[in-house]
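What TrEMBL lists as domain 'Hcy-binding' is 5-317. Annotation source TrEMBL lists Zn(2+) binding site at C235, C302, C303.
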Amino acid sequence: MDEIRAKPFVDVGWGPLILDGGLATELESVGCKLQGDPLWSARLLHTNPCAVKEAHYRFLCAGADVITTATYQASIEGFTKHLEMTPEQANQLIGSGVTLAKDTVKHFIAENPQAERVVPLVAGSIGPYGAFLHDGSEYTGAYAEDMSVEELKAWHRPQVQSLVTAGADLIAMETIPSMKEAEALVELLREFPDSKGWLSFSCKDGQSISDGRRFSEAVHLASRSSQLVAVGVNCCPPSLVQPLLESAQSQRRAGLSWVVYPNSGEAWDKEYGWRNTENRVSSVADLSVVWMEQGAALIGGCCRISPADIMELRSQIHGRLPQGGRSKKLGLRQVEEK
């Protein structure tokens, strides 16, 4: 398996791939201290990579077809500032997120030879510039007003380069709050013509992304990129997903799928952490049926979504089909390269 790579091909007509859930949430559940850390789970790439691999493994065991690297809050500037690294060391540490995830996939396959399933993919996570600021602006996009598209491209370029060089199967540009940053990322992806990815937005209501622009405009922007396999939403309340997808259905080009991975429905408070636990959705599994009907081809969870939730989601979507039968129905074509 060391020399085999799985190339993604998503076809809405065949059924969704299962994404993982909240990596940081899972790390916190086993005692990792992330609250208030400007590097969030990315710090563990340096201090506790084994914990990251074990969290990836639990999501694979739960049925995830795609695991996402612990690089959401990773950046050259962040690592040089908070870990006192050189830019070269920071670049290597970002790439290590891909290596950890790919090694975990290989280990999972070796430990589960009886599981006739598609080779899980590794998505290299790219968070918004606001994640580096660590001030909550990733959910408003306010910083983009004072930055140009070229400045945003320059910021993201080293992270994308590191993930691509390390061999990520997809680039997951996620929780993007503004049209300007989305434009920058779509343009930047063109500099890596052999790479594919998805673009997902943080949203403020059932019609708008976080900076107030219409989600339909964001989907129209994504539809102009031939390198994107999916566009959608993440880290928003599950109740917003259906109206958001409905609002932009006409703007989604043929061949561009929906990617959907909301949080648990709770609210994040920068000072106090997760609040309004009474709003927590007990399961995204039931809601996933509607998202599938709307054309979602990649479905998972974000913050506060655990491996148990992903297992329930997988069961809802794929039932009790034998693994071999399920892999034939998935819209993922595997190309083995020796």
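Cβ coordinates come from backbone N, Cα and C, glycine included.
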Including all protein chains displayed, how many Cβ atoms other than that of C303 (Zn(2+) binding site) lie within 10 Å of its Cβ?
20
Identify all same-chain residues not among C235, C302, C303 whose C-beta atom falls within 8 angstroms of the centroid of the Zn(2+) site's C-beta atoms; report them in sequence order.
G22, T175, N234, C236, Y261, P262, N263, S264, G301, R304, I305
Sparsest-packed of the listed binding-site residues (C235, C302) - C-beta count within 10 angstroms:
C235
